[in-house]
Amino acid sequence: MPPITCIEDLRRIYERRVPRMFYDYAESGSWTEKTFRENTSDFDDIYLRQRVAVDMTGRSTATQMIGEDVSMPVALAPVGLTGMQDADGEIKAARAAEKFGVPFTLSTMSICSIEDVAEHTTKPYWFQVYTLRDEDFMRRLFARAKDAGCSTIVITVDLQLMGQRHKDIKNGLSAPPKLTPKSVANMMTKVQWGLGMLGTKRRFFGNIVGHAKGVDDASSLSSWTAQAFDQSLNWEQIAKFRKMWDGKFIIKGILDAEDARQALNVGADAIIVSNHGGRQLDSALSSIRALPAILDAVGDQIEVHIDSGIRSGQDVLKAMAMGAKGTYIGRAFVYGLGAMGEAGVTKALEVIHKELDLSMALCGRRNINDLDRDILLIPEGFEGHWQP
Ligand SMILES: Cc1cc2nc3c(=O)[nH]c(=O)nc-3n(C[C@H](O)[C@H](O)[C@H](O)COP(=O)(O)O)c2cc1C
């Protein structure tokens with residue numbers, strides 16, 4: 001196999017190794033995928049300022065995210081069904097993150113359960129919750145996360161209902177996969193993936209099945225999911241969730257300065273500027289374009305993190321130089337996981353770290369904590385001039 005030198009290499013291997021249904025699930029956005037595409041292309045529109053004859057020895061990408069030491073400001077984003085991309089995927093990804101010194105965020109919709117991931121890791125990880133109608137279930141989720149030693153809750157507020165991805169409907173996406181002639185034919189070509197899945201018991205939503213009232217198997221799960229999300233969510237409710245957790249609390253899914261101010265009022269420790277990787281509101285702004293206005297509104301009062309579209313260390317550098325205090329990767333680590341398991345997640349982190357370190361040096365900077373917009377060439381009107 002030729003050497004893997006970039007995230008795109010991992011994506012190509014991932015595409016070959018994982019059943020189509022799960023590849024499509026990750027590699028798509030809602031409706032026309034405009035926002036999904038622009039999340040990456042808008043990063044490309046920003047240039048870096050090359051500087052020369054500057055001492056670039058003794059560089060460091062180490063910093064902190066919400067007070068936790070990180071080897072670089074790149075956390076693993078919560079990704080549902082990670083354990084379907086590769087057997088025991090959440091455990092493998094969490095281990096790779098732990099060894100690399102970056103945070104891992106477990107999704108509510110994971111295959112491996114909160115307890116299972118805690119058992120197979122040694123450091124506290126972060127747990128993501130959705131805003132669900134069943135308050136009792138929410139309380140139990142928080143309690144389970146506390147018992148498992150999680151340090152931080154990431155609450156996702158941009159999914160009161162689910163965006164539509166055409167491919168998931170057409171593929172009949174489910175966990176475990178529904179056995180149709182088409183899906184079986186495709187899975188039979190994914191030998192390594194199949195052997196991994198046959199060798200594990202972790203094939204259902206580990207945090208839900210057996211924990212949510214009336215959800216004891218996969219069939220009852222789909223009806224639970226359909227009514228579980230709280231369409232009537234408001235900021236008072238989010239404030240209530242905040243009070244249920246006495247640790248660090250991050251609000252994920254902010255794309256508007258007004259909402260960023262609201263997040264500040266409920267006592268969050270950080271917000272994540274995110275459009276859910278282009279999976280929710282199609283035609284929403286890319287995260288990197290939405291970032292400057294949010295930083296202007298609340299950047300001096302709260303840590304502002306960002307995800308959606310990050311595929312390289314250069315993207316991380318651009319976001320950090322713009323003023324973000326941390327970034328997250330979703331698909332970039334999923335590609336690695338699907339391609340090569342735990343080693344693939346490590347590879348993804350290594351690739352991003354190298355690109356970040358090298359690019360920072362060539363911009364004449366030595367420390368990730370000393371970045372500013374001076375190293376960026378941002379096209380005029382990048383944030384957009386919108387009519388009032
Ligand atoms: C396959 C997939 C599943 C996801 N599942 C969740 C989830 O369960 N909870 C959540 O808050 N975000 C979820 N997200 C969104 C990610 O946390 C993150 O916001 C997004 O992946 C960032 O964009 P990127 O993939 O371009 O890096 C998911 C994203 C993907 C691609």
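For all residues, glycine too, the Cβ spot is worked out from N, Cα and C.
Bear in mind that TrEMBL entries carry predicted annotations, made automatically and left uncurated.
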Candidate from Tyr23, Tyr25, Tyr47 that TrEMBL assigns to the same glyoxylate site as Arg165, His276, Arg279: Tyr25
Other CB atoms within 10 A, centred on His276 (active site, proton acceptor): 27
Proximal but sequence-remote residues of the same chain as Arg165 (glyoxylate binding site) (Cβ under 8 Å, at least 6 apart): Asp24, Tyr25, Ser28, Gly29, Ser30, Arg279
CB within-chain contacts under 8 A for Gly330 (FMN binding site), separation at least 6: Ala77, Val79, Gly277, Asp307, Ser308
Cβ atoms near Gln128 (FMN binding site) (within 10 Å, other residues, all chains): 23
Fewest-neighbour residue among binding-site residues, criterion Cβ within 10 Å, set Pro78, Gly80: Gly80
